[in-house]
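**Q** Below you'll find the structure I mean.
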């Protein structure tokens, strides 16, 4: 009697649920271990005084400054009269103001650049120049025009964000498959309907990539922008501490900036998965 060797669908080869679960927690654990290893190395270097504490303050000194900047000490509130979270909040407000303006202007500009060769011939060189120049290269000019207040910083952040968004959107619009456009026109779609219902959904993955790039550029720009009249602000706090050789405060600011950058990147990737769930799927 012949014995069937055919396996059932449930026994088909493939990753088990336990294996998938192990992959879920493996990488976060690796990240945590890497952070712990960095802290241990930092502690050992500071303890051995390979460099003077002025140059490499110990983790305990940085933690002490974290406590001081988040509480009232000797009648002084936080750092320079503001709590650490207030400095961070001021920076985030500037960041999102500039980024929001960059999205509001960059997306329509990118659609126009990608949809019209005439508009691209007129505006694309200017967008390329803005994208190529480091934002701080024209920060001095913005200070002359707008002063040292908030306007110069927000305009600088807007210029840092608008170019990556516009270029990514223009490239995405230009890469929309022609057959989709022809199908929309054959069904009687107007130009506005074609843009809103065909072009923008097709271009959304690349637009989200441009947004992620713009967020990174804007975030690095704001720290530099706050070196001029940046208090309250996390970049201004770092700059002010550097002037008085408060290295522990400088390191604290750098750590806070790094943590916020990681959180923002995780947030934009989560938004990308929510807005573009079909990315990477056939």
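Heads up, the Cβ atoms here are built off N, Cα and C, so glycines get one too.
TrEMBL: automatically predicted annotations, no manual curation.
Taken from TrEMBL, the feature transmembrane segment applies to 25-45, 95-116, 128-148, 154-176, 210-229, 249-271. If you look up TrEMBL, you'll see 88-268 marked as domain 'ABC transmembrane type-1'.
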**Q** Mind checking which residues reach the transmembrane segment (154-176)? Cβ under 8 Å, same chain, six or more beyond either end.
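**A** Answer is 94-95, 97-99, 101-103, 105-107, 109-111, 113-115, 120, 124, 127-128, 130-131, 135-136, 138-139, 142, 146, 198-199, 202-207, 209-211, 213-215, 217-218, 221-222, 225.
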**Q** Same chain only, please: residues at least 6 beyond the ends of the transmembrane segment (95-116) with a C-beta under 8 Å from a C-beta of the stretch. Say none if there are none.
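**A** Hits for the transmembrane segment (95-116): 123-124, 127, 153-158, 160-174, 195, 199-200, 203, 207, 210-211, 214-215, 218-219, 222.
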**Q** At a C-beta cut-off of under 8 Å, are there same-chain residues at least 6 beyond the transmembrane segment (128-148) that contact it? List them, or none.
**A** 155-157, 159-160, 162-164, 167, 217, 221, 224-225, 228-229
**Q** At a C-beta cut-off of under 8 Å, are there same-chain residues at least 6 beyond the transmembrane segment (249-271) that contact it? List them, or none.
**A** 57, 62, 65-66, 69, 79, 84, 88, 92, 208, 211-212, 215-216, 219, 223, 234-235, 237-238, 241-242
